[in-house]
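Working notes, beginning with the structure itself.
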Ligand SMILES: Cc1ncc(C[n+]2csc(CCOP(=O)(O)OP(=O)(O)O)c2C)c(N)n1
Ligand SMILES: CC(=O)[C@@H](O)[C@H](O)COP(=O)(O)O
Ligand SMILES: [Mg+2]
């Protein structure tokens, strides 16, 4: 437990209505207290601290100037919303952030009326904001829409689709660009360079407001420099990109200067008639030295000691799947110059930073642009290279049409390394890698693998790189592996061939992926009851190993499939294949074990799997039930 900060003004703010009664001076003091409270809370929970610290003043200023919750404040991604949660009636639960039964780490409609639109995946805020603006104009009882989007999030195609639409619609809408010159990693791309030019060429005192009316409403020092800044940026005297798209552009302004923020927001709120983009420059991790000076600006931190900033990370143990993948791919890249890799703004999250250190010219960070990343990989494959597209399961959803149309339909050999498969823990349901088995296994010509442990992952890296016949994916979970010995180099697996890991006579458990350890634990529990289980690792969700399935079906009384994914995935495909094969016509009892058809909220992965009914004890229970042993006394494992 850390010492709680002094929060005299914050203690008087139960909701934004209280904050609106404060003087501007007190709003600055409130921001200081809010920052301390945020640091103190996240030191106990872990979470996205750096992004939240960067928007403390902005959060206070927006709530002071706008009439939330009538006005709709939409945080892009939502990972920076901790100060917002503290100010909007959730301070008493802020120390439950990202824990089981606690507050979500993102904005969430079911949590508060101050969260009008949920998020966690990036770059949706402008689209949603425009929806609210249109809703207002069509007579719904809602006020202004304010979208706050980061410089990382604005690199995504969706943001431009929204700007394009909003600019043409011409409706009153506020977009606040929170530019801290950081994504999770340093930002990449031409747009990032453009924003830096805007930032660099127009000092805050030269802030400009393009809408004449707004400019007039601003304090005198802020009126200066508008035209000069424009000419410096564009070299032509024409507008910024945002103006060309139909927005009034205000900025850049100092997002930590409360006076400037309040003046600009008040002026904009008073005068805006159409879409306005306010370019706010902030510092990720602002006001907390360990965050400001760290390379990742404390994007996502474990619990930490406030004094020193030292994070309480688990020590030792088996290597993370992500690291094993990164190293295996780097080794493969050393052997084959055609191997290249793509990440969508997650170089360290995907382990591609390992390869990037050694082969920087062959690792491409495309920004938060999964759609482009997938089609770019398709282009690389069409050009004859061996692209490995490393994307979290949940974020690959963003690039699904590209997976279908650009990769699968053209049978291009793009290799998908799908990290964060299954339940991920503190990020909760929005980040669960629940659907990839379902959405990939239905695609003609796609090969889909899942690694049961980190040695299997090494084999799958090699298998994927050797497979030139079409698209291929391999999935693996967040966190540490099982501790098995790693091969010097992975083996190329036979496509569509599973393996039997343990022989038994009564029941077969056909597991896909990293829940194999639970299947084996269940087999141990069953053995204690006198039931022997064959445990098989399917390795492939597609193509299925029909010989293995036939063999298991014919020689056991029950078959249970197991996967770390939603219904419609592996189990569903096994059932379909068995039905086609006539294997469901006889005496065999078949059960599928998948994630249930509901969201599993954040907790530790073990707690989440227990909530999902996917523990070893659950598997043993299901086997007993399939065998008709309803009186079986199988004890649930503690979580
Ligand atoms: C579609 C999607 N891809 C990737 C991510 C992972 N992600 C979360 S925050 C983030 C960086 C966001 O940068 P920025 O918008 O500048 O916000 P900052 O953290 O700098 O405040 C990324 C890549 C995501 N949430 N959604
Ligand atoms: C907000 C967001 O989407 C990312 O920061 C995500 O939380 C990273 O997850 P990992 O910690 O699993 O890399
Ligand atoms: Mg940023």
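Cβ from N, Cα, C; glycine included.
As recorded in TrEMBL:
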{"type": "BINDING", "residues": "79, 120, 121, 122, 152, 153, 180, 288, 370", "note": "thiamine diphosphate binding site"}
{"type": "BINDING", "residues": "151, 180", "note": "Mg(2+) binding site"}
{"type": "DOMAIN", "residues": "319-484", "note": "domain 'Transketolase-like pyrimidine-binding'"}
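Annotated features, which come from TrEMBL, shown on the structure.
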residue : record                            : contacts (Cβ under 8 Å, 6+ apart)
79      : thiamine diphosphate binding site : 48, 51, 52, 105, 106, 120
121     : thiamine diphosphate binding site : 77, 394, 395, 397, 398, 430
151     : Mg(2+) binding site               : 177, 178, 179, 180, 181, 182, 183, 187, 192, 195
152     : thiamine diphosphate binding site : 122, 182, 183, 184, 187, 345, 367, 368
370     : thiamine diphosphate binding site : 344, 391, 395, 396, 398, 399, 402
(Q) Please check the binding-site residues 79, 121, 151, 152, 180, 370 against ligand 2 and give me the ones with CB under 6 A, sequence order. (A) 79
**Q.** Extent of the thiamine diphosphate binding site in Å [max Cα distance among 79, 120, 121, 122, 152, 153, 180, 288, 370]
**A.** 32
**Q.** Candidates near ligand 3 among the binding-site residues 79, 121, 152, 370, judged by a Cβ under 6 angstroms
**A.** 152
Q.
Quick check: in three-state DSSP terms, what is residue 152 (thiamine diphosphate binding site)?
A. coil
